[in-house]
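Novice: Annotations for this protein, taken from TrEMBL, read as follows:
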{"type": "COMPBIAS", "residues": "147-156", "note": "compositional bias 'Gly residues'"}
{"type": "COMPBIAS", "residues": "157-170", "note": "compositional bias 'Low complexity'"}
{"type": "COMPBIAS", "residues": "171-180", "note": "compositional bias 'Gly residues'"}
{"type": "REGION", "residues": "147-180", "note": "region 'Disordered'"}
{"type": "REPEAT", "residues": "49-81", "note": "repeat 'ANK'"}
{"type": "REPEAT", "residues": "82-114", "note": "repeat 'ANK'"}
{"type": "REPEAT", "residues": "257-289", "note": "repeat 'ANK'"}
{"type": "REPEAT", "residues": "290-322", "note": "repeat 'ANK'"}
{"type": "REPEAT", "residues": "324-356", "note": "repeat 'ANK'"}
{"type": "REPEAT", "residues": "357-389", "note": "repeat 'ANK'"}
{"type": "REPEAT", "residues": "390-422", "note": "repeat 'ANK'"}
{"type": "REPEAT", "residues": "423-455", "note": "repeat 'ANK'"}
{"type": "REPEAT", "residues": "457-489", "note": "repeat 'ANK'"}
{"type": "REPEAT", "residues": "490-522", "note": "repeat 'ANK'"}
Amino acid sequence: MSGGGSSVASGGDPAELAAALHAACLSGRVADVRSLLVAGADLEAPGEDGSTPLHSAARGGAVGVARVLLGVGHGLEEADLFGRTPLHVAAAAGAAGVVAELLASGAECDAADEDGWRPLHYAAEAGAEAGAGALARALAAMSLGGGAEGERGAGGADSSSCSSASASWGGAAGAPGPGGVQGADSGCLTGGAPAALAEGGKGLPGPGGPRACVTAVAEAGVEGCGPQGAAADDDAAAAVAALLLEAGAEADAEDDDAWTPLMLAARAGAAGVVAALLAAGAEPDLTQEDGWTALFIAAKEGHEAVVEALLAAGADPDLTQEEDGWRPLAAAAHAGHGGAVAALLGAGAHPDAADASGLAPLHVAAGMGRCGAVGALLRGGADPEARAAEGSAALHVAALEGRGEVAAELLLGGADVDAAMPNGATALYLAAEEGHAGVVAVLLAAGADTAAAEQADGWVPLHIAAQNGRTEVAEALLASGADPGLRSKAGATPLHVAAQSSSAGVVRALLAAGADPAARQQDGATPLDLACAEGAEEAAALLRAVLGA
C-alpha cells in the first residue's frame, strides 16, 4: 500500500480492510483505494457514524478517490447515522471539487439530514469570516471572468481586499476598505465572476456544468481542507455554495428551526456565501423560529461586511424581533459592534427605537459598557436624552453600571450631566449610591451638581454615599465642594446618616471636612445618638473624640 510501505493482501481481515479503506479515502490515496478494493475491502462496511468510504473521501476533499468510488457505483445517496449524504459532508468541508463530482454524478442537491439541513446549510455554516474573495478567485477559475483559469476577474477583488474582522466595541476596526462588500457597486460584485453573481448567477458555474469545473476549482486552491486542515473558510464555502445553487439548490431552504442558509452564513460572517446566496435570490428578511433575520444575526455577531451586503440587498434595518422588540441596531449595540451600528444607521435604522422594555439602543450600549457603539450611535443621531419607560437616560444607566468611559462619551455627545429621573435622582446620585468612584469623578469633572436632591427623602449624593459606606466617593464629593451640612427632609445631615449606618470611614471624612458633630435632626437626635443606638462603636468613638465627650 503506498504511503505506508505495506502491501495489501487479498483475503485480509474484513474489519482491518474496511478501516484501511476509510483511512485511504480520507487522505486521498487513490492507489491504495484501488488496491484495497482489489483485496476485497467491503464498500458497504460503515464507519463509526455510519459513514461510507465516499463520506470519508468527501470529508477529506479527495476528488480522485471520489471519482474511483463513483465509478464503481458506490454510495452516492447513502446517508450516515445523522442523515448526511456525501454531498452534505463535502459541503461542510468546503470541498468544491468533490461537490462538483457528486453533483455531476446526479447527487440530490437539496437532500435534508435529520435536522432538515441541506448541503447548502452546511456550506453556509462552514464559511469563516474571510471576506468575499472566493467570488473573485474560485469562480473566476470557472471561466466566468473571461481570463485564464485561476486568475482574478475584472473586479480585481481578492481575500485581502474583501476580508473583514469583527468590529470591536471600541470602534469600526476591520471595516472593509476599497473592494469590500459595500453593495452592488463594490469591487467584490463588479466584473468577472462576481459580476455574474450580481446579475443573478446566470451561467454558474460555466459551460459544461459542475464536472467541467472540477479541475479549475481544484487548481484555484478552493477545494477545502483535509482531515489535518482547519474548517473550510469563506473562499471554499462560497465556491461550494455557487456549485450547489447552480445545480438548483433552494436558496431559502429552511431547516427544522426555520434557519436558512443565509442566516447561517450571516452567523459565520461568510461574506462570500452571503453574496452568492443574495445573487441567487435569497430573501434577506426571512425569520427563524425566534424571529431573527439574517441582518439581526450578522449585526449581533458584528460581521460588518455581511451587514452591509444584506442592507445593500434591501434587508429591513428596522425589522423588529417580536418577543422582546429588539431590532438589528439594538443587537449590534448590545454586543458593542460600532461598525455594524454605523452601517445600520447609515441605512436608515431608527437610532432611538425602543425595545419591548422601553430601552433604546443607546441605553443598551451604555449598560453594557460599549463605548464604541455609544459613540457610533451618538454620531448617527441618537438622542442622549432619550428616556426608557421608567424615565432613565443613557447617562443614568452608565452611572448605575459603573461605565465611566461611556459616561464621558455621553457627556461629549451632549448628555445633560444633571438630568434627573422621575424620582429626582441624577447620574451623580446613582453613581454615588453604587460606589462607582470612576463615574463620580467623570461627572464631577463635568460640573455635576453635588446638591441635587432626590424627591422622596431630599437626600443629596453625599447622603446616599454615607448610607452605603462609600468613603472614596464621599471624599471625592467633599473635595469638589459638596456641603457636608446639607439636610434631608427629616433634617438629617450626611453625618447623621453615616453614623447611623456604621460608616466610620465616611464619618471620618465628614468630620475632616467640617461637618457639625452636634447637629440635631428634626427629632432632636445627634449623630452620636444614632451611632450609639445602632451599636456603631467606631463611629461613636470618632464623634466622642471630636465632641470631647
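Even glycines carry a Cβ here, placed using N, Cα and C.
The model shown is predicted, which means the values in this text are computed figures rather than measured ones.
Describe each of these features in terms of where it is and what it packs against.
Specialist: When the repeat 'ANK' (49-81) is classified with DSSP, helix, strand and coil residues number 17 helix, 0 strand, 16 coil.
Over the repeat 'ANK' (357-389) the predicted model carries a mean pLDDT of 98.
Remote same-chain partners of the repeat 'ANK' (390-422), defined as residues 6 or more beyond its termini with a Cβ less than 8 Å from a stretch Cβ, comprise 358, 360, 362-363, 365-367, 369-371, 374-375, 378, 384, 428, 430-431, 434, 436, 438-439, 441-443, 446-449, 452.
Helix, strand and coil content of the repeat 'ANK' (423-455), in residues and according to DSSP, is 17 helix, 1 strand, 15 coil.
Beyond the repeat 'ANK' (457-489), the same-chain residues lying 6 or more positions past its ends with a Cβ under 8 Å from any Cβ of the stretch are 426, 428-429, 431-437, 440-441, 444, 450-451, 495, 497-498, 501-503, 505-506, 508-510, 513-516, 519, 521.
If one looks beyond the repeat 'ANK' (490-522) by at least 6 residues along the same chain, the residues whose Cβ comes under 8 Å of a Cβ in the stretch are 457-460, 462-463, 465-471, 474-475, 478, 484, 528, 530-531, 533-536, 538-540, 542-543, 546-547.
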